[in-house]
Amino acid sequence: MSQKYLFIDRDGTLISEPPSDFQVDHFDKLAFEPEVIPVLLKLQKAGFKLVMITNQDGLGTQSFPQADFDGPHNLMMQIFTSQGVCFDEVLICPHLPADDCDCRKPKVKLVERYLAEQAMDSANSYVIGDRATDIQLADNMGITGLRYHRETLNWTMIGEQLTKRDRYAHVVRNTKETQIDVSVWLDREGNSKINTGVGFFDHMLDQIATHGGFRMEITVKGDLYIDDHHTVEDTGLALGEALKLALGDKRGICRFGFVLPMDECLARCALDISGRPHLEYKAEFTYQRVGDLSTEMIEHFFRSLSYTMGVTLHLKTKGKNDHHRVESLFKAFGRTLRQAIRVEGDTLPSSKGVL
């Protein structure tokens, strides 16, 4: 999985920039911006790696001797490290604007390797800085820029903005039998739109979203003139893939979930977002169809979903009414999924360090 990065300016963003000469060249000029350390710790826990990138005009010249820079800078780095803030890299351009070098922000020379390796999660990486050149650097890198300001966008605000979840995924799956478009928003509720061409199946999918506490949009065009097999199976595959993508790095999720009574039915659902696909399914139906949905395809749907989502899923229901039995399975799965995808912290719920 690609890595989230924060490319952070130094003077005026991490530490205060002296208005007199814009140089932190003495220990008494070193002052940290408010809340910078606790917020950076929070962002590290959320999965971001930190890269410092700074223009230091004339560094190493008579007007800004290297030794004058090194003392305060090294102390700053020692303080960051002592508090658990770790920068993967510190990138410095020492040139003056008149030098017309190729490494001065907003040029991308210093960050070329992050762009070339394609290991950066561009959609979730940011440049943070107090100047227009920082925002221009972000534009040149194809990522988002955040203009730091103590009043309008301070470190507390940045921390809240970057750790607020809005987990989303979009999957398109086209085969000779089906054309499927699935969008999932795990942190939004309501207004789900589902059209598979199988009315009862639409109703069941809506139960997953409603009881799962999330929103999804599913559009399917399938070979229903034959039967509902490909439509149901491929929808399960596409939805499972979308849920897996929306979960992202899975940090902070509860991972596990559980049981649901419905009228005369008792449905049991146990779920582990483990990365290991497996289904145990036990349900018997009196009739071959409920509405326009084949009852034999219900197990096939959950098997397809568990395979692409990478989950261990146990489903079981008992009852007297086929409609209720089917609905209890989808409701129980939705309710269990609601528990499992809920974010309660920022650590990965696995002793292995991977899910």
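Just so it is clear, glycine is given a Cβ too, placed from its N, Cα and C backbone atoms.
The active site, nucleophile annotation in Swiss-Prot covers Asp9. Per Swiss-Prot, the feature active site, proton donor maps to Asp11; the stated evidence is sequence analysis. Sequence annotations record features per position, and here Swiss-Prot assigns Mg(2+) binding site to Asp9, Asp11, Asp130 based on sequence analysis. Among the features that Swiss-Prot reports, Zn(2+) binding site is placed at Cys93, His95, Cys101, Cys103. Annotated region 'Histidinol-phosphatase' per Swiss-Prot: 1-166, in sequence order, evidence recorded as sequence analysis. Look at Swiss-Prot and you will find 167-355 tagged as region 'Imidazoleglycerol-phosphate dehydratase', backed by sequence analysis.
Features recorded in Swiss-Prot, as mapped to the structure shown.
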residue : record                   : DSSP (3 states)
Asp9    : active site, nucleophile : coil
Cys93   : Zn(2+) binding site      : strand
Cys101  : Zn(2+) binding site      : coil
Asp130  : Mg(2+) binding site      : coil
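If you take every residue in the region 'Imidazoleglycerol-phosphate dehydratase' (167-355) and average the pLDDT, you get 91. For Cys101 (Zn(2+) binding site), the same-chain residues 6+ apart in sequence whose C-beta sits under 8 angstroms from its C-beta are Cys93, His95, Lys107, Lys109. Across the fold, the C-alpha of Asp11 (active site, proton donor) and the C-alpha of Cys103 (Zn(2+) binding site) stand 17 Å from each other.
Its Cβ placed at the centre, Asp130 (Mg(2+) binding site) has 20 other Cβ atoms within 10 Å. Each residue in Arg10, Gly12, Thr13, Leu14, Glu17, Thr54, Gly129, Arg131, Asp134, Tyr148 lies on the same chain as Asp9, Asp11, Asp130 and has a C-beta within 8 Å of the C-beta centroid of that Mg(2+) site, without being one of the site residues. Cα spacing between Cys103 (Zn(2+) binding site) and Asp130 (Mg(2+) binding site): 19 Å, rounded to the nearest whole number. The record gives Cys93, His95, Cys101, Cys103 for Zn(2+). Within 8 Å of the mean position of their Cβ atoms, the other Cβ atoms in that chain belong to Asn55, Pro94, Asp99, Asp102, Arg104, Lys107, Lys109, Leu110. In the shown protein chains, 19 other C-beta atoms lie within 10 A of the C-beta of the residue listed as 'active site, proton donor'. Annotation: Asp9 carries the greatest number of neighbouring Cβ atoms among the recorded positions Asp9, Cys93, His95, Cys103 [cut-off 10 Å, Cβ to Cβ].
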